[in-house]
4 protein chains.
Amino acid sequence: MSQVKTLSASQDYPTHECGVCGIFDHEDAAKLTYFGLYALQHRGQESAGIVTSTGKEVFLHKDMGLVPEIFTEDILQGLKGDMSIGHVRYSTTGASNFTNTQPLMVHHKNQTLSVAHNGNLVNSTELRNRLEESGSIFQTTMDSEAVLHLMVRNSGPDLDKTLSETFRALKGAYSLLYMTEDTLVAVRDPDGFRPLCLGRLTTGGWVIASETCALDLIEADYVRDIEPGEVLIMKRGEEMRSIFPWPKQTPHHCIFEQVYFARPDSDVFGINVYQSRKQMGKILAREAKIDADFVMPFPDSGNYAAIGYAQESGIPMEMGVIRNHYVGRTFIEPSQSMRDFNVKVKLNPVRSLLKGKRVIIVEDSIIRGTTGKSRVRALREAGAKEIHMVVSCPPTMHACYYGIDFPTSSQLIACNKNVEEIAEYLGLDSLHYLSLEGMVEATGIPKEHYCLACFNGIYPIAPDQKYHKDALATKVVKG
Amino acid sequence: MSQVKTLSASQDYPTHECGVCGIFDHEDAAKLTYFGLYALQHRGQESAGIVTSTGKEVFLHKDMGLVPEIFTEDILQGLKGDMSIGHVRYSTTGASNFTNTQPLMVHHKNQTLSVAHNGNLVNSTELRNRLEESGSIFQTTMDSEAVLHLMVRNSGPDLDKTLSETFRALKGAYSLLYMTEDTLVAVRDPDGFRPLCLGRLTTGGWVIASETCALDLIEADYVRDIEPGEVLIMKRGEEMRSIFPWPKQTPHHCIFEQVYFARPDSDVFGINVYQSRKQMGKILAREAKIDADFVMPFPDSGNYAAIGYAQESGIPMEMGVIRNHYVGRTFIEPSQSMRDFNVKVKLNPVRSLLKGKRVIIVEDSIIRGTTGKSRVRALREAGAKEIHMVVSCPPTMHACYYGIDFPTSSQLIACNKNVEEIAEYLGLDSLHYLSLEGMVEATGIPKEHYCLACFNGIYPIAPDQKYHKDALATKVVKG
Amino acid sequence: MSQVKTLSASQDYPTHECGVCGIFDHEDAAKLTYFGLYALQHRGQESAGIVTSTGKEVFLHKDMGLVPEIFTEDILQGLKGDMSIGHVRYSTTGASNFTNTQPLMVHHKNQTLSVAHNGNLVNSTELRNRLEESGSIFQTTMDSEAVLHLMVRNSGPDLDKTLSETFRALKGAYSLLYMTEDTLVAVRDPDGFRPLCLGRLTTGGWVIASETCALDLIEADYVRDIEPGEVLIMKRGEEMRSIFPWPKQTPHHCIFEQVYFARPDSDVFGINVYQSRKQMGKILAREAKIDADFVMPFPDSGNYAAIGYAQESGIPMEMGVIRNHYVGRTFIEPSQSMRDFNVKVKLNPVRSLLKGKRVIIVEDSIIRGTTGKSRVRALREAGAKEIHMVVSCPPTMHACYYGIDFPTSSQLIACNKNVEEIAEYLGLDSLHYLSLEGMVEATGIPKEHYCLACFNGIYPIAPDQKYHKDALATKVVKG
Amino acid sequence: MSQVKTLSASQDYPTHECGVCGIFDHEDAAKLTYFGLYALQHRGQESAGIVTSTGKEVFLHKDMGLVPEIFTEDILQGLKGDMSIGHVRYSTTGASNFTNTQPLMVHHKNQTLSVAHNGNLVNSTELRNRLEESGSIFQTTMDSEAVLHLMVRNSGPDLDKTLSETFRALKGAYSLLYMTEDTLVAVRDPDGFRPLCLGRLTTGGWVIASETCALDLIEADYVRDIEPGEVLIMKRGEEMRSIFPWPKQTPHHCIFEQVYFARPDSDVFGINVYQSRKQMGKILAREAKIDADFVMPFPDSGNYAAIGYAQESGIPMEMGVIRNHYVGRTFIEPSQSMRDFNVKVKLNPVRSLLKGKRVIIVEDSIIRGTTGKSRVRALREAGAKEIHMVVSCPPTMHACYYGIDFPTSSQLIACNKNVEEIAEYLGLDSLHYLSLEGMVEATGIPKEHYCLACFNGIYPIAPDQKYHKDALATKVVKG
């Protein structure tokens, strides 16, 4: 574990993707949370943590690494209690260190307050400045720390008031779990950027999780999504209840969860992700008609749109590249120049299948384009005669301020090249993106219910003036 | 690393599946071997090792674990030389310990002799007894150790004679690399049970590997297979040459390499494995016509036959279960009864896809049936209305003595139940196996060129009388 | 690393022993701090950390473990800067986890504030309550966190005022280093409970450390002790200067540093520890005259008083027990009953030396008495005929509130038994403690300059009313 | 663990120091062996291993590292049986790798044969050549492997004959344990170079160990030494018995065991090591009369002779340097030039004690002189006015072929300088070695019963002609 970090002031805005899972009223809370986080590991692979409570005592364990690396049987047994919140985290701007792991826990007047947060606040600089003016100090560089300061500042006999005032002070995206000794609160920002759902355990307890795939693994029944703007309060000895601190508004769900980020076996915003992606592939097949020998995905992310494209177009689907199941997270770089090594070590083209063939690659997105370039070249060298690519979303051209980390504009290929230029750069015979309308239509949800900012640049909430995403992303951090 | 082992006499026959890779005449021999083994990791995940030679000095590194865990940049740099042999090993009968890692290296009269062996000798007891009678001692429980003893016993001025006499003494399956300070020898038994191929590096050196996927990764061109009964000799400063110590005979390739064991991107016995498996699926669709909503594999092993079945039948293919990409080799057991947890943690059914549907599962084999039972139940619980299973090979009913480890007869479900009974046990609406003829036909190789023993019980080479596979397999070993 | 912890309210008073080391104006600040902590490892073996500053950027690394386990060459190189503070920590009441490692670092208005603290505050509950009332939250259970809150609350344009107000608010023992981007402050409480000294590097920079042994290792010249009540300010680009926020008072040095805690090669409170301890042994020889064959210490802690006792009494000294140099921190418990195993595995009696002899053991203290009982029995079994024990301090009977952790009164043997009863419990022929006057006399410092509370119960500063040492010590904590 | 090694032919003579321990007839054999090895850790810190037998099954665990690092509770429980042999090893010439760990175990005709060996054979090249001529192959570079080959070659119905013929073929030093499924044999070469003793467990079983300190820890009673030339046979179900395959001869005990190598709490060759060393100090005080303020050892090895010197001379003894108890096996090198850092990090001079004083250092040996030079300089810099050194043995000038590894002649300072030159090199005011006669007299054993070769160059057994110690020691080995 590396704890070295730079802590100069401008480093205050880590953007990250995360997952949360909480349990209420189950004697095995830690273990169920562990499995929930296991299922949500795709939302964050850098660190994980769990806080549990017996109602009187609170226990915490968190560390850098993957869920199964961090938690052992012994540790889970030490995490006593029937309530818990857990978190998996992936940070991309560099402040990846122990201090920034979640859940974040603090103490105040004989009470512990913990928070696990998925999303990103856009007014964290303003909040931090205001809190620092009145004497608060910060130990992490996470915007979630401001939530706990506010909770204390707003604390009083009326819990609903404390929660309402605190959450109303936050601007941005937050699907968040908050826990004290006897209370677990689940909240989803009024735009509902990130998913958050409620499930019922077979024994009667409750689970709240970022995605329904966590419910499947622990055999909980999906009950409903936490609504945008809902604060769900589960207090020991009381009935579960909800408050709604904001006026009702149109939600702005992150469509990138459907396109790329969520697991295909999850239902997100009421829609199954697998079916959405397959439908995107079908609409793409209607929008981009190509004559070819077969359709192929780069497994596994492209599989679902490829199935849709193949079914709609009538062109057979083949697995043109084979995954090496034993590729670890690190490997030794080849010393001699092995072209496209990083691609081939994971996904080896099937030469006898590709030789002389016209193929359509179905991709779920093109970000920088560097991986795509390698992949196309590897297929060419394996003998493919024509290579077409279809992408199951429009060009990604704008930063996200709500919790998904994209490269800066200068690194997004679609910001700098038009479709023809991208095709040429990637070495393709042709390239087709799904239209914005086609993408939205595939999900069956009205367009106005989505945040489409990364595609169309229209931001539901204006980011903090001082928030310079690009500046942050280039900040050199020692870790 | 656990070195504890039982070493009572009856434990002398470890059966295992392995992969080998060797380099001749390349300054980066260790690194290329490392990548070759990386691509062959599916053939053995328990231990790995590399021996290199500079012509004067010999270097060895081996350990328990996966290839990228065992070798670091520093270690590879310490493995100097332009010749090398490497090995990955998987042992199932228990003698999994450091002593049994390969390559095996010994010293004799200022010379080192190393061997890396894929396959299994059937006369190892006899060989060992004979050698022990004349004073040899054994430090491992691997049959490969006998090869080195024979090499020394047969040593003399005529290398060809030494090699011929040694290999002629061996009975069974062996695709084997042997190396001394200045010579690398690749040999394939006259039946050609296991694959072994020769490739040319772009710089002019040579590579020998179990499968062609290793050639792809290190950008070597496939030249040809080492022939059954061929002993290929590469000696420093001499032309590469081959000797054939046996009379020409019909080969007996292991069809299980095509069905299950080899990587689909490899060409094995001259045939691409992906295409073979897809063809098996197609023939299966002709043999077993079923009315259903969709065809689905259990990824990734079932993907290829499923594609064939879907294309031939016209029934669409869907990915009915989703892989969790972050499942490690170990995880904590759930304390409460989570049914079919071991299946679902890896492969989660897509509920909204399966609900109310009639599905055809395409499997590549059914061994014990326990995994299949869990998988079927998980699909049922996700809402599937009808579940049919088609298997892309005939029932597996007989032990293998040539290097693939099956459970004992009592554990092979097809030994104990007929097809109807198996279907009932698995909870299926129907079950269909591919016919022996269909399987062979799919590969395009004449039936007589195959060893089909695990399916039809006809063994090309009779195993050693004293060789009791079942007795061995039940030997309790402490590790 | 184990992060599991209980965080109920009553656990807020970890008592601990620690060491600090800081460097000002040396390009290799991190490395020198590393070696300083290395020399101070006896003051804390549970965790260690270093913060460095380049004047603009601040770097932190800390973790659980010993100094050489935590810091690698790479990590030290990442800790850039010419200023640094470091800390080693030993916690005994259970809150031993990553969160409680030091230095503690926080952020406030683009500034970082770090603190490394040796000692214990007695008004931390009061401070914490007051801070919490005005909205502060706490992330650790260390009293040092209050220091940083106060520093922020008192911050203003006048640094001296900020420091004076902050430190005047603290009651108890603190030899403390505080650092921001451009300033390093060393402060010692007005009682001067714990040592803190200033040294000059050969290159001209400065070092501040808990003990002079840290100066020896990094070849710094001892300049002087930081005075009780002195706040030494080292600011980049300014002359080093001191302020004295309190009126001059009589110091109360912890005599236990002389008796037991400091390293014998250190000078503490102006006196060499080795010489003090030897002198204690000499005075003990005058106070307790015993006829015996030889004097023996339990190495190494008892060596120095034993030398003094032997020289004064004229009775020869022998090493009656031999240390096993390879005893690690953990070992397997013997399954059969091996009596006094824990003693003998570390210190084996020399049978041929002890057989039939009358021996005098010189001990530096008796706390619970359990170890002593085992040691005496082991000597008996090795053949000693008479065993007398002399102790180079008076009976330890009272809790320490200033940073040294003793067992609770109920566990201190001297609280529950008189000298005869202790002798009987330990299995001794006779037992003699050094008198309070003799102990003080041995150091050459006036009695009124010492805190002797653990021996005589007279506390220089009354502990916080709410501070219940015994209650805390019995708190069960899971870690 | 590093397995990389060179295996060219000339590397066949590893010299090493080792310890052995075996248990016969105790249900907890593995655990007792573990503790025995723990006590013998000073004889070898590089690797350790244990073989156990239930009479039918044999279990082995060995690895690189210290005893407590290698064995866990689980592993010890897996090492079933009531018989065992164990080994600790230290190798200096480079072949330090897993393959060369002991015990060495081989299989022959359904029997396992294991050996644990302390000492060094001088005819191993000859033995190896002879065995290789008749077809034996070697997997290690240890001379102990030849023992097992011979055991097999000589095997027959008469166990006594097999053992006698095998051991008679060996020339050199060997205190050795040999075990099969049902028999444990302890043998000591006819010269009795290395110690080996027999103890009785309180439960009635037996222990054989290199030194008596192993007996103390496991509470066994010392019975007697295994005699030089004795082969002690313990066979399941039979009475313990001894055979003596050689004619009676004068022993040649290694006096270096007394001087330096054995633990002071052990009795070796019938004499307590502590008392021998103290007596060496006393005789040295008579031979070398010096006027000084105090006598000081470098702890702990010099303690015992220093006590003798001080008692005889009447000059007080002081601990002039203090050990840092937390120095690990590795630490980071200081980047700036910290003079004598390696000395001071372990042993810090006590400045206030040394300042202006005339001191006598008592050392147990001077090998290369480099450490001594640093130590003397560190004392000078701490203020010592006069520094004299007395050494409790004569100058070490000759190689050892019987199992103790010295540097080559060119590196032994006494081979290249006379006493005055050494004193000058070390920076001493005077230097005195104990005489050969004084050293022998101190032990009370007749001079002719010792091997004094390292001091006087008279070798009891001529080493193998081909054995070039110096050539070996300079062999570069990659590890």
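Note: Cβ is positioned from N, Cα and C throughout, glycine not excepted.
The shown structure was predicted, so the numbers you read here are calculated from the model rather than taken from an experiment.
Per TrEMBL, domain 'Glutamine amidotransferase type-2' is recorded for D:18-237. Residues or ranges marked as active site, nucleophile by TrEMBL: D:C18. Residues or ranges marked as [4Fe-4S] cluster binding site in TrEMBL: D:C254, D:C400, D:C451, D:C454.
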Cα distance (Å, whole number) from D:C18 (active site, nucleophile) to D:C454 ([4Fe-4S] cluster binding site): 18
Recorded positions compared (D:C18, D:C400, D:C454) - the one with the fewest other Cβ atoms within 10 Å: D:C400
For D:C451 ([4Fe-4S] cluster binding site), nearby residues of its own chain (Cβ under 8 Å, 6 or more apart in sequence): D:D191, D:F193, D:H252, D:H253, D:C254, D:I255, D:Y402, D:Y459, D:P460
Between D:C400 ([4Fe-4S] cluster binding site) and D:C18 (active site, nucleophile), the C-alpha gap once rounded to whole angstrom: 14
Per-residue pLDDT averaged over the domain 'Glutamine amidotransferase type-2' (D:18-237), given as an integer: 93
Other C-beta atoms that fall within 10 angstroms of the C-beta of D:C254 ([4Fe-4S] cluster binding site): 27
Where D:C400 ([4Fe-4S] cluster binding site) sits in the secondary structure, as DSSP reduces it to three classes: coil
Additional residues around [4Fe-4S] cluster, ordered along the sequence, whose Cβ is within 8 Å of the centroid of D:C254, D:C400, D:C451, D:C454: D:F193, D:I255, D:F256, D:Y402, D:I404, D:L452, D:A453
Mapped DSSP class for D:C254 ([4Fe-4S] cluster binding site), helix or strand or coil: strand
